[in-house]
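Annotated features, as they stand in TrEMBL:
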type     : residues : note
TRANSMEM : 47-67    : transmembrane segment
TRANSMEM : 125-146  : transmembrane segment
TRANSMEM : 153-171  : transmembrane segment
TRANSMEM : 177-195  : transmembrane segment
TRANSMEM : 207-230  : transmembrane segment
TRANSMEM : 259-277  : transmembrane segment
TRANSMEM : 297-326  : transmembrane segment
TRANSMEM : 338-356  : transmembrane segment
TRANSMEM : 368-387  : transmembrane segment
Amino acid sequence: MTHRKEPIMEIGQEPGKNVAIGFWRSLFRDGIPAHEAVLQLIPARKAIYLLPVALFFFSLFFGRYMMDPVETCRILIIGSANACFDGASSLLSTVSGHPVLLPSFEQTWGASEETVVFRIRLPRLIAAMLVGGGLAIAGASFQGLFRNPLVSPDILGVSAGAGFGAALGILLSGNPWVIQVSAFVFGILAVAVTYGIGRAVGKGSTLVLVLGGIIVGSLFSAFISLTKYIADPYDTLPAIVFWLMGSLSAVSNADIVAVAPPILLGALCLYLVRWRINLLAVGEEEARALGVDTKRMTVVLIIASTVITASAVCISGIIGWVGLVVPHIGRMLVGPDFRKLIPVSAILGASFLLVVDDIARTLTAAEIPLGILTSLVGAPFFAYLLTRKKVGWIS
């Protein structure tokens, strides 16, 4: 007769909880602090998805004007609810034809705190997440399309075209909307010219597209130099130079409303075709053999990535290295599979630009342009990647 060994349980303990209690006892018996024990339960790759959320709320109360975290959350939640109530009251008043006033929560903070949260930091942080995530996704997609780890979102000349459009808008008008629309239009125009060169010379060959992008980028860079040469050195020229170095200091809620739809739609498009990017990254012939229309997919990737990049550049200026370095960090974490790389690149890009923006607005009394900081961080890290023993990016 065999006897089955029963697990030892304390009085009142349920059998299903025995394993969990043993796990926690082993942790504390080994002297592991409670917070480290909790972190051990969260897989590192899953924790990546929480990173931009944590950085967003940290950046909301962090800055030259430090705010209490609890009070900041109160302003964000209650202020948003009151704004919704005010909007509903206006809508009901318009529909019913007589004044309707819905109740609202009591406001316990001053007007300055509300201005800092809703008019300065909130649109700026949302813009940082949109721009960083968008540039990272566009960079990862272009690296897969051109099968080259050194490709960045401006490979087809979109940043140079947008930069010339912004410089021209500053020179002729100075109106923020004119600058942004001009930057977006010329960014799209630059890529259209590049694609036209590729179709005319190489019938859509990716190599010819890259060469065409170099030609168009150089041409618009010359136009930027010409614009700076004829600009007023005391007024217009400093504005052009500062815009080209990249900054989110002038972003407003209206800017977010304008650029969020194209960036999100372009990102959604790239996310939906991410498995086909895997096939293009292997080779065009292999992709065709598996039933992928490579020409149509190339056009889709170029349009989506260009719309994302042009929309990002028109509100932030030219910010380099994000679309080049962040996808490599994503590959180090999840591998080269674009089904995982696309979302992870978006998360890492948003987190990276949030951190860079925090540094830019708090490190010195005068705000540092984002393009300078991203270059200072991105260039050494990319040099580190080049010196690694494993240089393969697909295998």
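Cβ atoms here come from the backbone N, Cα and C positions, even for glycine.
Whatever TrEMBL says is automated annotation, not expert-curated.
Outside the transmembrane segment (259-277), and at least 6 residues removed from its termini, the chain residues within Cβ reach (under 8 Å) are 126-127, 130-131, 133-134, 137-138, 141, 144-145, 287, 292, 297, 300-301, 304-305, 307-308, 311-312, 314-315, 338-339, 341-343, 346. Counting Cβ pairs closer than 8 Å to the transmembrane segment (153-171), the top stretch among 47-67, 207-230, 338-356 is 207-230. Of the Cβ pairs linking the transmembrane segment (338-356) with the transmembrane segment (177-195) and spaced 6 or more residues apart, fewer than 3 are under 8 Å, so the two regions do not touch.
Within the chain, the transmembrane segment (125-146) has long-range Cβ neighbours (under 8 A, six or more residues past its boundaries) at 52, 56, 59-60, 152-153, 155, 206, 209-210, 248, 251, 255-256, 259-260, 263-264, 266-267, 270-271, 277-278, 280-281, 298, 301-302, 304-306, 308-309, 311-312, 315-316, 319, 322-324, 326-327, 330, 338, 341-342, 345-354, 357, 393.
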